[in-house]
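Structure first, then comments.
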Amino acid sequence: MIPTLSPGASSFPHHRATLRLSEKFILLLILSAFITLCFGAFFFLPDNSKHKRFDLGLEDVLIPHIDTPKEGKHIEKHLRDKIRADHERALQEAKEKLRKSREELKAEIQTEKNKVMEDLKKKDVGPKPLPPVPMPKVVGVSDGEPPEPDVKEKRDKIREMMKHAWDSYRQYGWGHNELKPIAKKGHSTNIFGSSQLGATIVDAVDTLYIMGLHEEFKDGQEWIEQNLDFSVNAEVSVFEVNIRFIGGLLAAYYLSGQEVFKLKAVQLAEKLLPAFNTPTGIPWAMVNLKSGVGRNWGWASAGSSILAEFGTLHMEFVHLTYLTGNPAYYQKVMHIRKLLAKMDRPNGLYPNYLNPRTGRWGQHHTSVGGLGDSFYEYLLKAWLMSDKTDTEARKTYDDAIEAIERHLVRKSNGGLTFIGEWKNGHLERKMGHLACFAGGMFALGADGSPDDKAGHYLQLGAEIAHTCHESYDRTVLKLGPEAFKFDSGLEAVAVRQNEKYYILRPEVIETYWYMWRFTHDPKYRQWGWEAVQAIDKYCRVSGGFSGVKDVYSSNPTYDDVQQSFFLAETLKYLYLLFSSDDLLPLENWVFNTEAHPLPVLHLGNITLPGSEPAQR
Ligand code: DMJ
């Protein structure tokens with residue numbers, strides 16, 4: 001029976017049905033016209049093979065066979081067949097889609113959406129859990145309280161200075177990289193890019209732990225847990241981030257056993273890996289943490305990477321492989337070592353600059369101070385950290401030190417032993433504050449040196465310690481200048497105005513501490529105490545500690561920076577100098593170049609993953 005309906009009521013559903021049909025038809029028409037157009041266009045496209053190739057180098061990767069005429073025809077046919085098949089499949093799919101109701105389509109879209117969300121969630125579960133690794137035997141994380149009351153008193157003073165530095169940063173610079181103690185606000189330098197990564201917190205937590213400043217340590221740990229995020233668009237120094245952040249986090253992990261430090265270290269290390277994507281595998285100096293794009297400092301000899309930067313990754317990277325089971329870290333640093341071993345060295349010396357594109361040395365400038373320093377340190381420490389099994393590292397260190405002694409170490413007219421700088425075949429009789437760390441290094445490397453030269457190297461360490469102490473003692477403030485000369489009647493004093501500053505650096509105190517551990521000569525504690533008093537008198541301000549611009553002026557101006565290494569290194573070495581030797585014994589711990597202690601890995605017969613022939 002045909003129902004009788006009013007015109008308005010009857011026409012509406014009918015009209016909708018008609019509309020849907022015509023809609024479908026038009027859509028189908030447009031779709032097939034578009035596909036036919038694309039299909040036709042393919043035959044009118046110019047023949048790529050006859051065109052000049054791009055220079056981008058991508059063509060070979062994307063369309064590898066396009067210039068072979070015979071193969072070209074075959075591929076053209078293959079492509080045409082493929083397009084035809086795609087065309088038919090698209091038409092079929094379009095027809096099927098059009099057959100579906102709105103609800104069905106909606107449900108389909110929703111299912112797709114859910115699937116994408118699920119996939120995203122799976123990807124976003126955070127870092128993969130790390131494989132369980134036996135904690136190396138952690139020995140000597142003790143109180144280290146000295147038995148002598150006067151020594152204890154001095155140690156308490158150093159602890160109080162640490163608290164002042166930390167509390168000031170906590171109050172005025174929390175979360176910033178460093179502190180401006182005069183302006184009482186946050187501070188940062190280009191080594192951290194535009195990041196706000198709390199460098200002082202990460203650099204200082206292990207010192208807090210060692211000093212038994214538990215509340216402060218907890219506070220630092222909490223910040224790291226909740227705020228330390230490396231997915232930031234910032235271009236950072238690979239070397240600085242490695243020694244301060246990865247070194248600091250690993251040390252905090254080994255000392256406290258708190259997993260969060262290990263996880264953060266590994267997350268950061270992942271972000272540094274793209275820096276190694278260079279033609280030679282020698283990493284860029286800087287890397288953008290977000291994009292992974294790397295580059296070198298504009299000032300470094302013709303686009304070179306710096307020896308002390310790419311040569312100061314070994315300790316941390318070996319620990320990363322140990323803790324994660326990921327061979328990549330170990331392989332990256334071993335590759336650097338192998339590459340250096342193959343290169344010619346002028347006079348047996350390592351120049352400070354190496355081009356990561358060509359693999360050639362830049363300027364022939366060699367230094368045990370800035371730009372070279374910790375490369376030598378890490379050769380020795382790689383051997384120590386491996387429980388003295390990495391004999392290749394030891395041999396490389398011995399050879400390098402022998403060449404340095406021959407060409408760079410001299411005695412001044414006044415009898416002071418110093419380490420100069422080698423510049424294009426000429427010795428500059430100038431020593432940097434940074435080079436003063438070498439006194440400690442020579443002493444640390446004495447045991448195990450070839451030809452029974454242990455006594456010689458311990459003596460060399462003592463001579464360097466003495467010279468560096470002189471550089472402090474010959475100033476008005478009793479704090480050392482950035483660089484000092486041994487020329488034209490000058491002995492251990494700075495000449496140029498821009499070499500007279502002291503920025504709270506640790507190297508001289510570091511050497512006092514190593515010399516103390518190896519000799520127990522009381523003069524090292526005495527020299528250390530002189531430094532404590534001078535720092536407290538001239539660098540302490542109400543908002544923390546500041547560097548000074550002229551150590552020869554009785555009325556110096558401040559540079560208004562509390563460097564993170566003051567908390568990581570200077571105060572830590574001072575504290576250890578006035579502690580007993582059972583706190584972090586040197587047989588069990590190796591300090592990275594930022595004074596972060598890492599345990600010796602007694603691996604026995606176990607080999608590190610990736611320790612088979614190194615690859616990139
Ligand atoms: C520290 O960051 C490290 O010791 C580095 O190796 C060079 N020197 C600074 C502090 O002076």
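In case you wondered, yes, glycine gets a Cβ from its N, Cα and C as well.
Noted in TrEMBL for the protein shown:
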type: ACT_SITE; residues: GLU240; note: active site, proton donor
type: ACT_SITE; residues: ASP373; note: active site
type: ACT_SITE; residues: GLU482; note: active site, proton donor
type: ACT_SITE; residues: GLU507; note: active site
type: BINDING; residues: THR593; note: Ca(2+) binding site
type: DISULFID; residues: CYS436-CYS468; note: disulfide bond
type: REGION; residues: 122-153; note: region 'Disordered'
type: TRANSMEM; residues: 25-45; note: transmembrane segment
Cα proximity to GLU240 (active site, proton donor), best match among recorded positions ASP373, CYS468, GLU482, GLU507, THR593: THR593
Euclidean distance between Cα atoms of THR593 (Ca(2+) binding site) and CYS436 (disulfide bond), Å: 13
Neighbouring C-beta atoms (10 Å sphere around the C-beta of GLU240 (active site, proton donor)): 21
Neighbourhood of ligand 1 - recorded positions from CYS436, CYS468, GLU482 with Cβ under 6 Å: none
Cα-nearest neighbour of GLU482 (active site, proton donor) within the listed recorded positions, ASP373, CYS468, THR593: CYS468
Assigned conformation of GLU482 (active site, proton donor) - DSSP reduced to three states: coil
Neighbour tally for GLU507 (active site), based on other Cβ positions within 10 Å of its Cβ: 24
Sparsest-packed among the active-site residues, when each Cβ's other Cβ atoms within 10 Å are tallied, from ASP373, GLU482: GLU482
Cβ neighbour count (within 10 Å, all chains shown) around CYS436 (disulfide bond): 31
